[in-house]
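Engineer: TrEMBL feature annotations, pasted as is:
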type     : residues : note
TRANSMEM : 15-37    : transmembrane segment
TRANSMEM : 65-83    : transmembrane segment
TRANSMEM : 133-153  : transmembrane segment
TRANSMEM : 165-185  : transmembrane segment
TRANSMEM : 237-265  : transmembrane segment
TRANSMEM : 300-319  : transmembrane segment
TRANSMEM : 326-343  : transmembrane segment
TRANSMEM : 349-368  : transmembrane segment
TRANSMEM : 380-404  : transmembrane segment
TRANSMEM : 465-484  : transmembrane segment
TRANSMEM : 490-508  : transmembrane segment
TRANSMEM : 520-544  : transmembrane segment
Amino acid sequence: MKASYQQIALRTETIFLLMLAIALVFSFFLINVLGQISSESSAALNLFTQGAQFLVHPKAAERNTFLIVTATLPILILFATKYQTRFDKVAYSKYASIALPLIVAVLLFLPIYKSDFLMMLIFGKIFFMLHPTVLVLICLSLATLWCFSIANFQPLVLAPKTTATVIWVIFILAMLLQLLSWRIASINSVSYDPAWTNHADAAFYALSQVVAGKTLLVDLPSQYGLFPELIAPLFKWIGATILNLSLFFASLQFISLFGLFFVLSKLVKNPVLLLLGGLSLLTLTFGTTIYFSGSHDRYFQYWPIRFFWPAFSVLVFYYFARNKTLYRATVVSLVSAIGTFWIMDTGLFIFLSFTAYLTGRCIILCSNDKPNRLIHLKEYLLAISLHILITGAVIAALLGVMWLKSHQPLQLHRQFEYQKLFYGLGFAMLPLPKQIHPWMSVLGVYLLGIIISSAAWFQNKKDSIRVDLILYLSLLGIGLFIYYEGRAHVANLITVCWPALMVMLIATDCTIKKIREKNLAFTQMAIPIAAIGFLLLCSVNFIAHVPKMFHDMKYVFKTRQVIYFPYIASELAFIKQQAQSKHECLILSKRQSIYYAETGLASPIKGPGLVETLLKSDEEHFMTELFKGQLDCVFLGLGESSPFLIIDTAKLTQIYKVSSINSEHTMLYLTPKG
């Protein structure tokens, strides 16, 4: 007998609470066991440069606990949802229909209250920051009123095309405002801020060198994947200036956000919910909350380098889910291959999420449809095999092109070097907060998303695009969450929570629709009320900052030719003047990669950029090559422009002669003696 929607909802909530309890107990057990057997290695610490060693914080027990729990729970969920009718006694108890949705709503959304996550969302507006409780209560009250009205009264009917057009216009204008107010930069935007000297410098170095003719994994490693090899031909043609780079990244931002909102517009039918979701998506992505707090750290290495392909994969997966053919599955596989090659940190999870989706779908179809089990098994084994083969073949082909380009064997082990240093050995890592915290809410949404999908699949043989997207987004979100699990800073949690936002939007829209149709009890509105309250928090903050964004957009345009930091302009002009006929020069300065990108110069020394030099072996190799005295062209920053690596300037000037100095006396031009 087919269960009602209310029965499935109560079973889902019961299984969610059970899985949550299992996850808690299992996590405590693993932390204690793994904590006793894990040990910090002094040998590993000695791999790092002296300046980097104090930032090494290994957390093997926490990392392994997270990986084991997230790998185990989906298997338990499959088992629990297969036998979901066994939970009917608990689900159908006297007060279950009221208590279960309320408990789930509280568990998912209470951690956000009075958290650093909430303060980060509302930062920038004094009233919001001084009265967070009032703001939360107002948002929840408005959400409750709206949910009550939509469940009990006929909404105002507008022409669907007109409504859709208005929502799209609002979203695109808001996205352009967000983009034009601060995401586009030029060399005149570069400052002494660590956002440029640390973050941008690390993001641009590999690209600047590939544009200059170097090959990754031969001449240098790349902290942020192999994406420079894919886009370098474009920048060899137009020039890798900061303006061109930021315009290119802005186009990726537009495409990725447009794609995500397109998927939402197809799955979320309530126009108010869709609009709130679009504004919330803009608030939570591309460093918007950081910008609202007063910082202009564009953090290109995530926005869009790490973000683009996972976001684009959602659009491609939607294309697949609409009509599950082998051809469309290969398109998803192609995106996973390019994404993994582009940057493994996030691209790998496209591959793993689609593999997990196909595997789960195969298991459930074989279980549900036993007469056709062999047919389903063959179909999905073929799809999984092709997925693995296509991903492997595309990556191998791209690596082959790199090998042909360099005429030297690739040092493939260097592709995984930074993952080992950061996630493996603990460089710059931060532990997960042990108290009740919003990171638990984000994982809770993914847990609920997997349970919803699995329960729906076991109950209904018909395909549902919404259910498929909820599962894919939940699996993808868990993979992307590893970025936060490694470095558990609240800004990183906001960075990785966008799949949870999409899961929440799709599930909330479905729940409201079923309540309006009287297929679900009104008590199930508890979770949508909390979800819409959160959407209002994000949207209100975005709307409150529209005047600031509009002002900044006009200011950026008016002052685009203004040089605010003459030292930087002087150093760049000095490098261009002295290195006119040269292809290779060593730049020993902060903003090293920015100067390389703007001038088109290559480094004569193999290895990572200065800001990425974390290993003693790389530092020693660099110093050996530098102090041989055989480099034709060296630029040395002084004072504030001095490089991060400690260099003996007196010794260096004994080996090289000072041929010139810039007008601001912040940079020397050195050439060999004799």
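Positions of Cβ are set from backbone N, Cα and C atoms, glycine also.
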Engineer: Excluding the flanking five residues on each side, which residues at least 6 beyond the ends of the transmembrane segment (133-153) place their CB within less than 8 Å of a CB in that stretch?
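Structural biologist: Counting only partners 6 or more residues beyond its ends, the transmembrane segment (133-153) has Cβ contacts under 8 Å with 113-114, 118, 122, 127, 270, 272, 512, 515-516, 522, 525, 528-530, 532-534, 536-537, 540.
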Engineer: Please work out whether the transmembrane segment (465-484) lies in contact with the transmembrane segment (380-404), by counting C-beta pairs under 8 angstroms that are 6 or more apart in sequence and asking whether there are at least 3.
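Structural biologist: Contact between the transmembrane segment (380-404) and the transmembrane segment (465-484): absent, because fewer than 3 Cβ pairs are under 8 Å.
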Engineer: Might you confirm whether the transmembrane segment (237-265) is in contact with the transmembrane segment (165-185), defined here as three or more C-beta pairs under 8 A between residues 6 or more apart in sequence?
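Structural biologist: Yes, the transmembrane segment (165-185) and the transmembrane segment (237-265) are in contact.
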Engineer: Of the listed stretches 15-37, 65-83, 326-343, 349-368, 490-508, which one has the most C-beta pairs under 8 A with the transmembrane segment (237-265)?
Structural biologist: 490-508
Engineer: Does the transmembrane segment (65-83) come near the transmembrane segment (326-343), with 3+ Cβ pairs under 8 Å (pairs 6 or more apart)?
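Structural biologist: Result for the transmembrane segment (65-83) with the transmembrane segment (326-343) is no.
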Engineer: List, by number or range, the same-chain residues at least 6 past the transmembrane segment (490-508) whose CB is under 8 A from its CB atoms?
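Structural biologist: Non-local partners: 116-117, 120-121, 260, 263-264, 267-268, 273-274, 277, 280-281, 284-285, 287, 289-290, 302, 311, 314, 438-439, 441-442, 445-446, 448-449, 452, 466, 469-470, 473-474, 476-477, 480-481, 483-484, 527-528, 531-532, 534-535.
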